[in-house]
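What TrEMBL says about this one:
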- 9-149: domain 'EamA' (DOMAIN)
- 160-287: domain 'EamA' (DOMAIN)
- 12-28: transmembrane segment (TRANSMEM)
- 40-58: transmembrane segment (TRANSMEM)
- 78-97: transmembrane segment (TRANSMEM)
- 109-126: transmembrane segment (TRANSMEM)
- 133-150: transmembrane segment (TRANSMEM)
- 156-172: transmembrane segment (TRANSMEM)
- 184-204: transmembrane segment (TRANSMEM)
- 210-231: transmembrane segment (TRANSMEM)
- 243-264: transmembrane segment (TRANSMEM)
- 270-288: transmembrane segment (TRANSMEM)
Amino acid sequence: MYQDKEFKKGILFALLAYVMWGTLPLYWALIHDVDPIETLMYRIVLSLIFMLILLPIIGRWQQFAQDMAQLKAKPFKLLIIILAGYIVTVNWGTFIYAIDAGFVLQTSLGYYINPLVSILLSMIFFKERFNRLEWVAILFAVLGVVYMTFKVGEFPYISLILAFSFGIYGLLKKLVPMPALSSITIESLATAPMAIIYLIIVGQTADLSIGWNMSTFWLLFSGAVTALPLLSFSEGAIRIPLSLMGFIQYVGPTLIFILGIFVFKEPFNIDQFITFCFIWVGIVIYVISQIIKIKKRPQPLQYQN
């Protein structure tokens, strides 16, 4: 009964995380008066402040201190975490720019492609072997990108930057496993000096975009907006299998796709639809391949008393 209750809670936490991530375009659209680069820099600083407040409140400060001590003793791993912080900053910045510039559908496409990019990176760097279905899934993703480039006449650079930056970020995180909250705090610590220096220079040489307006008001919540989905995700990940989490992840890009068409009213013609169809077919094939893998895993022996 307890395990069943925890499993259901895990699904709810996972869904909540991806619903929050999937509706982020609505939040960033509220900050349209602030320059995208400034928004990114404030997000880094405010994320750090929020995490430093949150960790002791939820009782994770000791865990964070232990993780920091371990990294200090292993400089190479610390370097990887710092690099991960800058890679995810590229991802954040691209996402914020895309929403501001009217490329919501490209962000959706990028996060649909991301799992396929991740398995490709795993093959290259970890020499993991994949079955035919996974190769076919990657092929359909490539066909979608090629079709969009030559038929639609628009190279999906935003989609690819989002997919590869988050894929590389995941790759680096795999090299240095660490609790999510500790990780994002350390990443924010690593990138905060860059953000603070940028804001000081811009503040002295030009006018900052912030002021007494609603965009600035909403910007103050960017730290919480960064951390809360991650917290929900980590609570879900410890309660449900990673394979199930992998299926739930498509809630995010699906919501972004719906918002792009029905809320942001982005153009969506037949060629763009065909592009997404290539990606969707690839995802369906990928999901099927994962289901087959799960079924082939040896089941634990059941002992009877």
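The backbone N, Cα and C atoms fix where each Cβ goes, and this holds for glycine too.
Counting Cβ pairs under 8 Å to the transmembrane segment (78-97), the top-ranked stretch among 12-28, 40-58, 133-150 is 40-58. When Cβ-Cβ distances below 8 Å are used as the criterion, the transmembrane segment (12-28) is approached by residues 39, 95-96, 99-100, 104, 107, 218, 221, 225, 228-230, 232-233, 235-237, 239-240, 244-245, 248-249, 251-256, 259-260, 263-264 of the same chain, each at least six residues removed from its ends. Within its own chain, the transmembrane segment (40-58) is flanked in space by residues 34, 64, 89, 92-93, 96, 181, 184-185, 188-189, 191-192, 194-196, 198-199, 210, 219-220, 222-224, 226-227, 231, which lie at least six positions past its ends and keep a Cβ under 8 Å from the stretch.
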